[in-house]
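What follows is a single structure, written as structure tokens, with notes after it.
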Amino acid sequence: MTKKMGLLVVAYGTPYKESDIEPYYTDIRHGKRPSEEELQDLKDRYEFIGGLSPLAGTTDDQADALVSALNKAYADVEFKLYLGLKHISPFIEDAVEQMHKDGITEAITVVLAPHYSSFSVGSYDKRADEEAAKYGIQLTHVKHYYEQPKFIEYWTNKVNETLAQIPEEEHKDTVLVVSAHSLPKGLIEKNNDPYPQELEHTALLIKEQSNIEHIAIGWQSEGNTGTPWLGPDVQDLTRDLYEKHQYKNFIYTPVGFVCEHLEVLYDNDYECKVVCDDIGANYYRPKMPNTHPLFIGAIVDEIKSIF
């Protein structure tokens, strides 16, 4: 007999339309409305990347691809998909409540972030657990999946494909910048989070398995809180690497993200490219995983290892 289970796919969320921008960022800032200047800056950034971030549609596509792959991988389980977002509807709590209404008593949760931190994955899981406890729903959480061979294979392939576009005699003058979303240092230290070590491990695995000679780790998209965040910032890192080594080619792999969205399309493709243009170096940024079978397969393999 086929067992029915929920698959709760959790993500940060993104505005669907321009009128969502203010409530979305108010939620991010714990109820504090952004100023008109901050709001205009955000609207300008979205306009710069061609309109609202494609994240919403990509998140839906990733969730659909994942539930489809899981239902092929498990002959005796039928997974029903639920999407829960942190900062915009459908919220995580809405998704868990809907599970209860549908008679789901057991579910797997997956956050669309490959590395674990209490700030992201941990806080999402906590919100899901608190809501699930009201209904007696048992949740099994995927904590991370960056170590899965298919995840590393995806990025290794992309690095090698990018290197193939660069003349071989320039490979020694090429550096790979591996990055993730920065987080407040105090939070990482207080919770003894493995987040920085997981990014370092990801970079090491990519270096071991790809043809890249030089690699550096950076952080990006930090918030404006007035407190120290993880560094170095990728823009500062780019300048420092150029000053020390005169690299001609910079390849950026924001491996902490899983699709093209504002942080990649603006913070990398605009801000990092501006620095590269300024120092006279070439900017490269391979395609993000999105719904690539290796990426979806990595999450399926992680689920198989815990369930």
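Heads up, the Cβ atoms here are built off N, Cα and C, so glycines get one too.
Residues or ranges marked as Fe-coproporphyrin III binding site by Swiss-Prot on the basis of sequence analysis: TYR12, ARG29, ARG45, TYR46, SER53, TYR124. The feature Fe(2+) binding site is assigned by Swiss-Prot to HIS181, GLU263, with sequence analysis given as support.
Location within the structure of each feature annotated in Swiss-Prot.
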{"residue": "TYR12", "record": "Fe-coproporphyrin III binding site", "contacts (Cβ under 8 Å, 6+ apart)": "LEU55, LEU85, LYS86, HIS87, LEU112, SER120"}
{"residue": "ARG29", "record": "Fe-coproporphyrin III binding site", "contacts (Cβ under 8 Å, 6+ apart)": "none"}
{"residue": "ARG45", "record": "Fe-coproporphyrin III binding site", "contacts (Cβ under 8 Å, 6+ apart)": "LEU262, TYR266"}
{"residue": "TYR46", "record": "Fe-coproporphyrin III binding site", "contacts (Cβ under 8 Å, 6+ apart)": "PRO15, GLU18, ILE21, LEU52, SER53, LEU262"}
{"residue": "TYR124", "record": "Fe-coproporphyrin III binding site", "contacts (Cβ under 8 Å, 6+ apart)": "VAL10, GLY84, LYS86, ILE92, THR109, VAL111"}
{"residue": "HIS181", "record": "Fe(2+) binding site", "contacts (Cβ under 8 Å, 6+ apart)": "SER120, TRP219, GLN220, SER221, GLY256, PHE257, GLU263"}
Remark   = Taking all protein chains shown into account, the Cβ-based neighbour count within 10 Å for GLU263 (Fe(2+) binding site) is 19
Request  = Please find which two of TYR12, ARG29, ARG45, TYR46, SER53, TYR124 have the most distant C-alpha atoms, given that the record lists them as binding Fe-coproporphyrin III, and give only that distance in angstrom, rounded to a whole number.
outcome  = 26
